[in-house]
Structures are given as structure tokens and as C-alpha cells.
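Structure, as C-alpha cells:
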Amino acid sequence: MALNKKMHPRNPYKTQPSFKDLAVKNEEFRLHATIDISGKVSIDFKKAETIRALTRALLKEDWNLDVTLPKEYLVPTVPLRLNYILWIEDLVAALKLEDTGSPVYGIDIGTGASCIYPLLASRKNGWNMIGVEKDNTCLNHAQQNVLHNKLESLVKVCKNDGEMIIDTSVMDGAFEPMPTYFHFTMCNPPFFSSEEELEKTHKSRSANSPRPPPNNARTGSANEVVVEGGEVAFVHKMIDDSQQAKDKIRIFTTMLGHKSSVSKVLKYLKEKNISEIASTEFCQGHTTRWGIAWSHVEKLTCESLSADNFVDQKKQKSKPPVRHVLPTSNCAFKTFDSLMEKVKILLKNLDLQFRCVIKDVKSIGYQVTALNNTWSNQRRKRRDEQRMIKKVGQPSEDSSSTKCTNSQTEQITEVPTSHGTNSSTDLTDEPPLKKAKLTESVPLLVFGFIIREEETEGDSNSYVFEMSWLHGSGGKDLIHQVMQYVKNNLK
Ligand SMILES: C[S@@+](CC[C@H](N)C(=O)[O-])C[C@H]1O[C@@H](n2cnc3c(N)ncnc32)[C@H](O)[C@@H]1O
């Protein structure tokens, strides 16, 4: 799996998984792995069985999902599926749909035999998902996969046998209580218009094509990947259907398999007077896919949903993250858990909204939102505060600006934060996200913040901090300031 740097910043497979570790942990995968004389473990991506074993192993070992992938059916690649889910996380977060306090509800159109998107989205984020499927065999397998992984309270599988691709009747009674609306739809549509096109695409890339032959074995039945008119016709129909579903679903999204389809779909959205549009690329290894999102919510003024802005966002994302490496030997926090407690205190002190998006034993990733700049001029604010204390003889009521030095953080655990009722004595609780209307102004800064412990040569490990700008009115340079604040307060 040649993975590249253009993956979503929070995609855990940005760093190629160790096949050696996977082979040690997972017996089924081990049977497909070979080890060379230098001890390097590799696999043959041209064999469908091997791809299947790899996907099953990653789902099992990284996501605790035991998924049956029937022969002759599409084998989903996990890094790509995550790239799509992570993008939806960004859309949901940037639109503040989550902030209404209700759980997230989504619909996966054409969920396939694996039911991969609902399983991953519910396991990873606790989202409530409906997987819709037309093909009976896929439907049965999808249902079994949900039951086998005990996710039936979060994932419902529904048959679609009507003409509509987006049919809101699947929402009726799926969840109790019924949500007022669903947050999003997602779809990996059949890409091809005929079996000939499918064959041609595959062959043209293997013989005299200037493009290199596909690295991976082809998987999937014609039923799954072929539809009349191909993906463009399928998505156009989905756009038409979305008009009728606009009161019940906030964002509609789809993946596209051909670059040439992107401009056609964007043009169609414009023709339908849909102005709230976003697009992105999903990059993983040698394969690129495209994502399109649209919304019918009127006056949905969120810059992350505008196509132009999204292009900028993409450019920003491809820039390397701001990084800080701190050897554990130079750090007061000797365990990863104690460091994380400290980081959370720092984020809370700055009044930043944050939610965990990836978690592992030695790594954690947050999406962080700043509505205001609370990190600049901390020293001056502290001096003013001290002067006030001396003058009045007691701390001022707004003590939030005094919460930033190491010496004070231990007391902070007893001090109510400016979230009002949220006294942060329990540091494991993340602050609740503030309620916001969809039309509320754009945040100053939204960034991904990954902290992990890395093995380094010698006696001590290092803590690595990475901040990746996502969007926000203040521009990307602000993350340097936030990183500086974190550095200053971790000494
Ligand atoms: C390319 S596969 C995607 C499977 C899975 N979501 C994945 O990403 O691996 C497309 C799926 O959509 C299903 N499908 C095609 N038309 C559909 C429709 N109108 N409604 C629901 N599912 C449909 C196919 O049966 C197939 O399982």
C-alpha cells in the first residue's frame, strides 16, 4: 500500500501500517504475507485474496470490526473509506451541525456487502447510520456484518427497491426517537456505465497505456460497479432526488471515481441553482477519488462549504503540519496519559472547543476550534491580573486569563471555566461544544491537533505535536502561535 502525504491529515494510514506487526497480530493476514531475507514483510497487491485479507486485518486490528467480505464482491480499501469519513467529519464540524447537541445521523447509499461506511462511522464516531442497498445479496451480508459486530443499535440496513436513489422513507422509524433531520448522506456510486467500460478501463491501464497498470487487484461484481449512464447519471439523479429530501437531510455528498465526472456534476449542481457546494480529492497511494458535497439549506453561510474556499483548504492541507518534538526526558510529563491531561487543560484554558477524532494508546487526535484569539498577549494579561490582585487584594472575577502558567494549572481543576456550568474537575471530560446556529459567523481557527509518543533511538522516547490548519477566518499562521503557547506551557 503505497500511501502518500496528501491523505487527510487525520488519516491514521498516512503512516503506512507495519505489515510485520499486522502479520504478527493477525493470523489470516500472515498467510498472505511473505518475508524476505532482510526480514522485510510484503504482500502481493495483485491478488484479490490478499487485498481481502489486508482489509479484514486492518478492520479487525485497528477498528475492532470483524467483517465478512464475500468472494466476487467489492473489497473496500480502508484508507480511502477513512478519507471520505474524515471529510464528512470536517463538513459536519465546520457547519456546526453537531453543536445542536444531537447525535450525528447519516445515510450511506449503496452500502455494499461490507457495510463499510456505516460500520466504520459508528465504531469510530458513534454516529447513527442507515446503510441503503439495492442488491439482495449485498443487503444480507451487510445485515450480517452489522449483527456480528453488535452495532445494530447504531446501524440499520434498509432495502431500496424504488426508483428514487435518495428515498427518505428509509428514515421512518429507523431510530427511536426519530431525529428532526439527518446530517448527511454519503455514497460510493457504481462508477461505470457498462461492463465494457469497466473492462476497457482496466485493460487500457495495463497494456499500452501511458499510465501505469493498476497496483491492486480488481474486486467487485458488475452489479456493484456498473449502472446505466455511469456515475454521472447516478449522481445527477441523486441531486434531483435531494431536492425532495432537503427538509430532512442537511448535506448530501458523493464520491466520484473519474476526474472527468467532477466538472459535469459541479455544472449540474449550478444548473439546479444549488450554490452551497464543496469538493475535495481523496488521495491514497496511486488512487485518487473525488468528493462532492451540496446542501439546500438556505443562507447556509459557512465558508467550508463553498467550493472556492475548499480549494484553498486543500492547498493548505497539503502543506506540512506545524510540528514540535519534545523528548520525554525533557518533559515533566513522564507518561502519555499525564501529558494528555495537561494538553487538555491547556486547550480548556484557552477556551478552545475540541473533540477527539482518533485515539490510540500512544496517540490522540483532536479537531480544535477557536472562536476568538485567547492565546496572544498571555504574559501581559497575567501581569495586569497580578496588578489587580495587588491593588484589590483579591483575584478579579474573570480569572480565565490567569489560567495559563504551569504553576497555576494544578489549581485550575477546581476553577470553573468560562463555559459557565462546566466545572472542569473531571479532566477526562471534554468541554461541551457551544451551541451555534448554522448561520453563525465563521470560526477564527479550526485545526487538527495530533499528539503521539514516538520511539526514538536511545533511552528516551519523544512526544510529537502536530497542528494542521483546516480553515478559519484568521488564516493558517495562527497555528504557529497556538503551538508556541503549548510549547511554553509544557516545559
Ligand atoms: C461501488 S459499490 C459501493 C459499496 C460500498 N459502499 C463501498 O464503498 O465499498 C455501490 C453499491 O451501490 C449499490 N446500489 C446501486 N444502485 C443503488 C440504489 N439505487 N440504491 C441503493 N444502492 C444501490 C450497489 O448494489 C453496490 O453495492
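Even glycines carry a Cβ here, placed using N, Cα and C.
The model shown is predicted, which means the values in this text are computed figures rather than measured ones.
S-adenosyl-L-methionine binds ARG81, GLY110, GLU133 as TrEMBL records it, and from the list ASN11, ASN26, ASN64, ASN188 the residue named for this site is ASN188. The record assigns ARG81, GLY110, GLU133, ASN188 to the S-adenosyl-L-methionine site; their largest pairwise CA distance measures 17 Å. Sitting within 8 Å of the Cβ centre of ARG81, GLY110, GLU133, ASN188, and not among those site residues for S-adenosyl-L-methionine, are the Cβ atoms of PRO76, ASP108, ILE109, THR111, GLY112, SER114, ILE116, TYR117, GLY131, MET186, CYS187. Following the DSSP three-state reduction, the secondary structure of GLU133 (S-adenosyl-L-methionine binding site) is strand. Taking the Cβ of GLY110 (S-adenosyl-L-methionine binding site) as centre and 10 Å as the limit, one finds 22 other Cβ atoms among all the protein chains shown.
When Cβ atoms from all protein chains are considered, those within 10 Å of ASN188 (S-adenosyl-L-methionine binding site) total 25, not counting its own.
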